[in-house]
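*Asks:* Next up is a structure, given as C-alpha cells.
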Amino acid sequence: MTFEQLIPLIIMAFALGMDAFSVSLGMGMMTLKIRQILYIGVTIGIFHIIMPFIGMVLGRFLSEQYGDIAHFAGAILLIGLGFYIVYSSILENEETRTAPIGISLFVFAFGVSIDSFSVGLSLGIYGAQTVITILLFGFISMLLAWTGLFIGRHAKGMLGTYGEIVGGIILVGFGLYLLFPI
C-alpha cells in the first residue's frame, strides 16, 4: 500500500473516530474511573475493527441499501443510551448508578461503531485492503474515544451534578443529528 493510498484511509478513520469522540464526551461526564475509561476506549476500538470488517466482508456481496439501515440503528441506539443516562442521573442516587459495563458498554460501543459498518460495506465493494483499514479504524477510534472520555471527565468537574445530564443530552443530540443531518 502506497502513502497516497494510506492518507484517505487515515482521514476516513479520523472521520469515523469523531463519532466515538463526540459521544465519549457525553459518556465521560458519568462518574468513571481511569480503568473504566481505558476499558471503554479499548472496547470502542475493538468494535471499530469488528464492524467495518463485517461490513467489508458483506460489502463484497450486498448492495448499498443496508447503509441507511445501519445509520438509523446507530442513531436510535445513541438516543436510547442518552435518555437512559439522563433518566438515571435524575432518578437515581450517585451510589446506585453504575458505570457502563457489560451489555451497556457493548451497546454504547456498537452504537458509535455502526457507522463504520456502513463504511466497511462501501470499502468492501471497492476492494480496500482489509487488515490495514480495520486496524487504522480501531486504533484511531480508540484514541479519540479516550480523548473524549478524559475531556468529558474534566468537564463534569466544572459542571457539577448536572454533568451527567449534559452528557446524556449530548448523546441524544448526536443521535438526532445522525437521524436528521443539518
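For all residues, glycine too, the Cβ spot is worked out from N, Cα and C.
Below are the features listed in Swiss-Prot for this protein:
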{"type": "TRANSMEM", "residues": "6-26", "note": "transmembrane segment"}
{"type": "TRANSMEM", "residues": "37-57", "note": "transmembrane segment"}
{"type": "TRANSMEM", "residues": "71-91", "note": "transmembrane segment"}
{"type": "TRANSMEM", "residues": "101-121", "note": "transmembrane segment"}
{"type": "TRANSMEM", "residues": "131-151", "note": "transmembrane segment"}
{"type": "TRANSMEM", "residues": "162-182", "note": "transmembrane segment"}
*Asks:* Hey, which of 37-57, 71-91, 131-151, 162-182 has the most Cβ-Cβ pairs under 8 Å against the transmembrane segment (101-121)?
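*Replies:* Comparing 37-57, 71-91, 131-151, 162-182 against the transmembrane segment (101-121), the winner is 37-57.
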*Asks:* With contact taken as 3 or more Cβ pairs under 8 angstroms (pairs 6 or more apart in sequence), are the transmembrane segment (131-151) and the transmembrane segment (162-182) in contact?
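*Replies:* Since fewer than 3 Cβ pairs under 8 Å link them, the transmembrane segment (131-151) and the transmembrane segment (162-182) do not come into contact.
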